[in-house]
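Trainee: Structure provided below as structure tokens; questions to follow.
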Amino acid sequence: MTFDYDLFVIGAGSGGLAASKRAASYGAKVAIAENDLVGGTCVIRGCVPKKLMVYGSHFPALFEDAAGYGWQVGKAELNWEHFITSIDKEVRRLSQLHISFLEKAGVELISGRATLVDNHTVEVGERKFTADKILIAVGGRPIKPELPGMEYGITSNEIFHLKTQPKHIAIIGSGYIGTEFAGIMRGLGSQVTQITRGDKILKGFDEDIRTEIQEGMTNHGIRIIPKNVVTAIEQVPEGLKISLSGEDQEPIIADVFLVATGRVPNVDGLGLENAGVDVVDSSIEGPGYSTMNAIAVNEYSQTSQPNIYAVGDVTDRLNLTPVAIGEGRAFADSEFGNNRREFSHETIATAVFSNPQASTVGLTEAEARAKLGDDAVTIYRTRFRPMYHSFTGKQERIMMKLVVDTKTDKVLGAHMVGENAAEIIQGVAIAVKMGATKKDFDATVGIHPSSAEEFVTMR
């Protein structure tokens, strides 16, 4: 049987782009379908615009810090329209850049929403295409709980397009998305209230990270309301009235309500049932992400239909952009490059671009103790005020932590809260991934004076 394409990719996000270009480099005839801007969640409504907002949110604090170093800085004022417009322009520039990369790689871009007709046929609009192999890389989307007035809430998709800066933003959700935007909006000058079901934010992260970030956020003026859930949202003359579950908790009045309670795989209307593609049982809990309708795959990203594959957030393995890229490239290498290989999901570094920032790689203390036993784990921890703040008058702190296997001396995890955490942990992650021991860390000469040197001087 002959096909229109060797590979048809549904979704031009990080995973789909990486897989399509890699497959084309091996000589495969490849098409990719996208019904939005090319680039996916990361480029269009995730990592990239969010990080630009993070950068923008740092300037008020920098202006304050400058005074401690003798600089005289005038009154700072944010031009919100300029800020948001600049972010949108950069997003669109990057989207066009990815289109040019596809053209250079020889991948055909088809605009429109793709659905599966059967295991070898995809329909886009009124056109049908056949392919030997199909890759699903449609990512995920935010989900809102079903509560009265939830239509007044926005998600992380819409926050990048607010016409005016909120005076007061209320955020429901204490995962990395809600926590990051709490820091961003507070840094930009908005009043921020974050509502969390548990007693702490960032469930699943190391306990010291959770404690340190929550304390730092509170010190920065963010109001965190623990052990509460939103019960209703109502539009009132003053803005949005947000009712909470706590008996003694007064309703919150805010002008913007951000819903950051989770994401789900974006498979609605994809036609999985037409192609015999199975999904994961929704009773299985994923890592901070709903597994409802996540596509089930094996170690080679192969679905229940042997010629159909899936990568990225739609599979709910580890929902990070570099992971989707790695999965996509591993798939292409295996199926078109004569290099069958798995993508390892072990020991992957990640960051929370909150304020204060956090980054982590490897096992948390709780995970290590559960795996090896309480007596088999040694913890090294330090907490200090960085030199930068010698003149600022601020009580900012950095926390660093190593989780070590007592018997083998192997470093199982590294965690950090504080300025430049992501940049520092990226380097530390190489050592942890390679199996470095605490003795290896101790034998490394630190760069002085730096915050990073504390990772090799902890005793």
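Any Cβ shown, glycine's included, is placed from N, Cα and C.
Owing to the predicted nature of the structure, the values given are computational and were not obtained by experimental measurement.
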Trainee: Check Swiss-Prot: it lists I177, E180, R197, K203, A351 as binding NADP(+). Then name which of G125, G262, G413 it lists for that same site.
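Mentor: For the NADP(+) site that includes I177, E180, R197, K203, A351, Swiss-Prot also lists G262.
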Trainee: Which of these, A114, A131, A254, A376, does Swiss-Prot list as part of the FAD site with S14, G15, E34, T41, C42, K50, D313, T321, H448?
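Mentor: When Swiss-Prot describes the FAD site, the candidate it includes is A114.
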Trainee: By CA distance, which of the binding-site residues (S14, E34, R329) lies nearest to G262 (NADP(+) binding site)?
Mentor: S14
Trainee: Do you know offhand how many angstrom separate A351 (NADP(+) binding site) and C47 (disulfide bond) by C-alpha?
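Mentor: Answer for this pair: 11 Å between alpha carbons.
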Trainee: For C42 (FAD binding site), which residues in the same chain are close in space, meaning a Cβ under 8 Å from its Cβ, but six or more apart along the sequence?
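Mentor: G13, S14, V48, T321 - these are the non-local Cβ neighbours of C42 (FAD binding site), listed in sequence order.
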Trainee: With a 10 Å radius around each C-beta, find which of these recorded positions (C47, I177) has the fewest other C-beta atoms nearby.
Mentor: C47
Trainee: Between S14, T321, which of the binding-site residues has its C-beta surrounded by the fewest other C-beta atoms within 10 Å?
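Mentor: Selected from the binding-site residues S14, T321 on minimum Cβ neighbours within 10 Å: T321.
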Trainee: If I restrict to non-local contacts, at least six residues apart, and a C-beta distance under 8 angstroms, what lies near R329 (glutathione binding site) in its own chain?
Mentor: A18, A19, R22, F343
